[in-house]
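Right, one structure below, let's go through it.
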Amino acid sequence: MATYNHGHDGTYGDSNYRYGDGEKAPYEYQQTHSVSSPVTDAGKLSDPNDRHHSLQRGLSARQVSMIAIGGAIGTGLIIGTGTALKNAGPASILISYSIVGLIVYVVMAALGEMATWLPAAGGFVPYATRYVIVLTRDLGQVDPALGFAVGYTYWFKYIITTPNQLTAGALVIQYWCPPERVNPGVFIAIFLVAIIVFNYLGIRFFGELEFWLSSIKVLTILGLIILMIVLAAGGGPSHEATGFRYWHNPGAFAEYLAKGSLGKFLAVWSTMVTAVFAFLGTELIGVTVGEAQNPRRNVPRAIKLTFWRIVIFYIVSVFLLGLNVAYNDPLLTGATKKSNSAAASPFVVAIQIAGIKGLPGFLNACILIFVFSAANSDLYIASRTIHGLALKGQAPRFLATTDKRGVPVYGLALSALVCCIAFLNISTSSKLVFGYFVNLVSIFGLLSWITILVSHIYFVRARKAQGVPKSELRYTSPFGMWGSAIALFFCCLIALTKNFTVFFPSASYGRFDYKNFITGYLGIPLYLMQVNRSRKNTRARLTLRSMIAGWKLVKRTKGVTPLTADLYTGKDIIDADEQEWLAREAAEKASGRGPNVVYRHTLGYLF
């Protein structure tokens, strides 16, 4: 097995390269003991030797599993599928959601392999820092370019999407309370205070709340699936079975932006983009690994079940939706022009076509829960991401501070403060600007998938080069490195073509939609940009470097090879943590308080 410098002096791989004074080496705080040495609070803290910067492992198996589901179910499914169906037709959305669902499973499997080898605080960002890294000879410092880029772009995404979800919640409430009666800013303020409090109360409270909110999501989707089956079979008030009628008339494929085969291909591809953004958030499970109990057991189980959840909640849903609503139905066309309320949901259109009354109001309440849960988890992701960046010295050090509940209070406060931009939506003039922000950061979620896949490819290369057998891994991706490479190709292709409609003429913007082109693609160069901290004559200055791809050329740097990639730093503490959980489970089993086997093999597969 190749050797790696496991020194305690802050060196990283090669003694010629050192971290700066203000930066904490990745898991440097976990290098002071071995598996056989006593570990204080093993199984309780992400870093037992640094209580003031450590997260608490308070998420149980059922909470981790349910959060994994909740991250995959949102308004993108219950509302966004309407636009996809209108533009492309039922067969197109079935094809695109199936393909993207497979890509998502590859991404999750890749994340699961890395997360079970070394469950790290800071989500998946540390893996990009450890395995896909650039070394610079300036000051002899390690410069984790990709980890820095994905960390900040991921944080930017969620400090923008959180206020976007808060605004959506205020719009949903307009179903019962019009803005003429109560200013939407009141509801934005109420929701913002609520999610701040729920995040501040600690990971145990957050996990339990998300468990029940996600349970409501699951029950809502399952209820809609059952209802769609009943309506398609003729069980509605009209007793008219639609079957595959709408697949024949008006047809299975719609034409989008062009006529003939080209129009049908563009329709399928446009829904590929829609499907990707409907699935975004599934990687939330990677952020929870630093606070999950026994992550080497619970995270793989949640990821293994991801495949069936994708099939049930997404593919089955869009298939049944295509049986109940024609893509050219006037009600569907009208629904896609409405805001984030039940009126915009294609499932409500199916209910209206069937002649069922009363359900739209109930579904609107469910959508409100969807939106609130999304805002709550988005703020959680933002606070943990900036905490992870601060641990690596890539953000101000005080942002890594945690309280006695393991909450990164300053990271939470900063993220919550930025979320106040939600109040921009109260003004009509500033709402357009906020819309540009949302469009700008929307691609960052897709770039996070790309980073996970790149990190996995480098991780597999490193473990093979260093002779780590598969038997030492608690979970391995069934698709291997080449599966990640293929998924990476499609993710890059979708990222480059996600706004392809700007090149097609329209009466609203002319021959070229330059505004959406800029906001839709500006996120890519922002992701590739780097800030390099350099010093000259003892004066600190910030220098903006252009691209990660050109970083090595500009700085004359070299990358970490598979033989020198850091696979082991901090693994000892995780091994000790795992042994602690195994001992606890053995004690519970001996006392008769083990897990409910009946629940695990029935409702446990869904929840």
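Quick reminder: no glycine exception, Cβ is built from N, Cα and C everywhere.
Feature annotation from TrEMBL assigns domain 'Amino acid permease/ SLC12A' to 64-531. TrEMBL lists 31-54 with the feature region 'Disordered'. Marked as transmembrane segment by TrEMBL: 64-85, 92-111, 186-206, 218-236, 266-286, 307-327, 347-375, 407-427, 433-459, 479-496, 516-532.
Comparison of 266-286, 307-327, 479-496 by number of C-beta pairs under 8 angstroms to the transmembrane segment (92-111) places 266-286 first.
Among residues of the same chain six or more beyond the transmembrane segment (218-236), those with a C-beta under 8 A of the stretch's C-beta atoms are 66, 69, 73, 77-78, 242-243, 312-313, 316-317, 320-321, 323-324, 347, 350-351, 354-356, 363, 366, 369-370, 606-607.
Listed by sequence, the residues of this chain that lie at least six past the ends of the transmembrane segment (266-286) yet keep a Cβ under 8 A from its Cβ atoms are 64, 67-68, 70-72, 74, 76-77, 80-81, 83-84, 87-89, 92-93, 95-97, 99-101, 103-104, 107-108, 111, 115, 123-124, 253-258, 299, 302-303, 306, 310, 314, 374, 377, 381, 442, 445-446, 448-449, 452, 491, 494, 497-498, 500-501. Long-range neighbours of the transmembrane segment (307-327) within the same chain, counting only residues 6 or more positions beyond its ends whose Cβ lies under 8 Å from a Cβ of the stretch, are 68-69, 72-73, 77, 81, 84-91, 93-94, 97-98, 101, 104-105, 218, 221, 224-225, 228-229, 231-232, 242-244, 246-247, 249-250, 254, 278-279, 346-347, 349-350, 353-354, 605-606. Remote same-chain residues near the transmembrane segment (64-85) are listed as 92-93, 96, 104, 168, 207, 210-211, 213-215, 217-218, 220-221, 224, 270-271, 274-275, 277-285, 288, 292-293, 295, 298-299, 301-303, 305-306, 309-310, 313-314, 317-318, 321-322, 325, 327, 332, 335-336, 340, 344-347, 349, 366-367, 370-371, 373-374, 377, 604, 606-607 (criterion: CB distance under 8 Å, separation of at least six residues from the stretch ends).
By the Cβ criterion (distance under 8 Å, sequence gap of 6 or more), the transmembrane segment (186-206) is not counted as touching the transmembrane segment (433-459), fewer than 3 such pairs being found. Proximity of the transmembrane segment (433-459) to the transmembrane segment (479-496) is established through 3 or more Cβ-Cβ distances under 8 Å for residue pairs spaced 6 or more apart. On the 0 to 100 pLDDT scale, the domain 'Amino acid permease/ SLC12A' (64-531) averages 82 in the predicted structure. For the transmembrane segment (479-496), the residues of the chain that approach it from at least six positions outside its boundaries are 99, 103, 106-107, 109-110, 272-273, 276, 443, 446-447, 449-450, 453-454, 456-457, 460-461, 524, judged by C-beta separation under 8 angstroms.
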